[in-house]
Amino acid sequence: MEVMNKKKVNSSRRMGGMITMPFIFANEICEKLAVVGFGANMVIYLTNELHLPLTKAANTLTNFGGTASLTPLIGAFIADTFAGRFWTITVASIIYQIGMIILTLSAILPQLRPPSCKDDEYCKEANSSQLAILYVSLLLTALGSGGIRPCVVAFGADQFDENDPNQKTQIWKFFNWYYFSMGFSMLVAVTVIVYIQDNIGWGVGFGVPTIAMLISIVVFIFGYPLYRNLDPAGSPFTRLVQVCVAAYKKRKLDMVNDTNLLYQNQELDADISTAGKLVHTKQMKFLDRAAIVTEEDNPKYPNLWRLNTVHRVEELKSIIRMGPIWASGIILITAYAQQSTFSIQQAKTMDRHLINSLEIPAASMTVFTLITMLCTIALYDRVFVPIARKFTGLDRGISFLSRMGIGFFISVLATLVAGFIEVKRKNVASTYGLVDKPKSIVPISVFWLVPQYCLHGIAEAFMSIGHLEFFYDQTPESMKSTATALFWTSISAGNYLSTFLVSLVHKFTSGPTRTNWLPDNNLNKGRLEYFYWLITILQVVNLIYYLFCARLYTFKPIQMDKTENLETKKDGIELVNNV
């Protein structure tokens, strides 16, 4: 069986490699153009076209973002269990396409949105049926995202063989350039697509991303003969539950003194350990009971609800150990989420003229985040990594934990600066007597917002890519789609936390004797800077928590061909020391 498995892997190596990257990146560029083309300006669409209050619109978007980032758990389960990544991506893309078509039609057909109104008129909010159309379209796109997001990155990384030293280094470059291509498409979306939405119409503005999504599906399917398609190894979640159940059933057993006596079965684990076998670690010893062989067990044909191999026990340990690092990414996403809501509303009140005849759309301010992120990624890969490699000896320059830590620190600066910029904006509004005129343009350049956008871009280039590398590297090999899903679930939790904070602050700071920090209709009377600084304080606490978790983190050790592969363990020591 081992020989058959090796033949299967060797034959799959004839496919994949760099030749598949144009198809995968073309798919990602078109798909991200569609996703961001929909989302970048959505808060303006909800408030101006559907006439939703600002806090309701902001919470609608963050709830949608949270749901779209939670559904990858479902997509990862389907991909890793039976469908495989290629077919999961394909079917999910079609579902996403249907959602986009519905939303585009709702922007074109007048009966699917409330009547337009002038500035001095009462604006009728969208009714329940019109909102239902919106929510159905958003739900379909969220379900589609659930199949695309956890699989695209893992599918791209699948095209490189981790056992080939030359291709292994290409995997980490792939992560950087994957994010670069994604950032490039987002850059086009927040400039070209947003300009079309603001100046030509929402029907065309939504129609272009819909067509881009269709192109991405066609291009992705066209590359099928070249892909390195790995067969799914069965449900990873079932294996995790089996370990828990087996450990619980044997909870009263004494631990063995010699860990070599714990159950091993190379043939049973062959399909889930082609890149190496996980070896025993000393943490969470209570789970080791799942690998104790008793008289009731049949080692040759084990009942996996009573007896599991060390490799399977270590899979569960790896996932549990990743939990604290996973949680540290939540608050950064909460900070980043404000760029698509309150920061856009800030920009909408400011002077956005480049020249007298050219005005920047408020949603296009994200371009500064994206340009900064792209430049940071390029400099990181081409300049920083070669220099850092000379000092650290790591192929990737610095550890992904160090990279994440730098991103966390810069994100703290971003929200701190954002608060001071809001103070400046409101002072100008007060000076010109515009506090009670929420729809008047405050005579302050929108470029005052550039520092906070740029700092968010640098933070994302460090933290988000580091976070993604961390999940892919530390997740067991049979759970690579799950790894990306974990990355997206942290984004989901960050969006939901943003919704919770906005609702909480809006509720407890409103009242006849208090100033609402986040008013629905007039930012000039609010205290948005206090909200930014609240997030800053939370991020400082989170940074301290992250440094503590990184110091204590244990990296997964892998054994290959009966010889322990110390590369990961060595990197782990370097990573912790560099944090």
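Cβ atoms are placed via backbone N, Cα and C, with glycine included.
Not measured: the values here are computed from a predicted model.
Features of the protein shown, as given by TrEMBL:
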- 21-46: transmembrane segment (TRANSMEM)
- 86-110: transmembrane segment (TRANSMEM)
- 131-157: transmembrane segment (TRANSMEM)
- 177-196: transmembrane segment (TRANSMEM)
- 203-227: transmembrane segment (TRANSMEM)
- 319-337: transmembrane segment (TRANSMEM)
- 358-380: transmembrane segment (TRANSMEM)
- 400-421: transmembrane segment (TRANSMEM)
- 441-465: transmembrane segment (TRANSMEM)
- 485-509: transmembrane segment (TRANSMEM)
- 530-548: transmembrane segment (TRANSMEM)
When you check the transmembrane segment (441-465) against the transmembrane segment (485-509), do you get at least 3 Cβ pairs under 8 Å, counting only pairs 6 or more apart in sequence?
no
Ranking 21-46, 177-196, 400-421, 485-509, 530-548 by Cβ pairs under 8 Å to the transmembrane segment (203-227) puts first 21-46
Same-chain residues at least 6 beyond the ends of the transmembrane segment (485-509) with CB under 8 Å of its CB atoms are 55, 58-59, 62-63, 65-70, 72-73, 75-76, 149-150, 322, 326-327, 329-334, 336-338, 341, 467-468, 471, 475, 515-518, 527, 531, 534-535
CB contact flag for the transmembrane segment (530-548) and the transmembrane segment (21-46), at least three pairs under 8 A
no
Could you tell me whether the transmembrane segment (21-46) and the transmembrane segment (319-337) are in contact, taking contact to mean 3+ Cβ pairs under 8 Å with a sequence separation of 6 or more?
no
For the transmembrane segment (358-380): best-contacting stretch of 21-46, 86-110, 400-421, by Cβ pairs under 8 Å
21-46
Who are the long-range neighbours of the transmembrane segment (131-157) in its own chain, taking Cβ under 8 Å and residues 6 or more past its ends?
20-21, 24, 27-28, 31, 35, 38, 50, 64, 67-76, 78-79, 85-86, 88-89, 91-100, 102-103, 106, 112, 171, 174-175, 178, 227, 468, 472, 480-485, 488
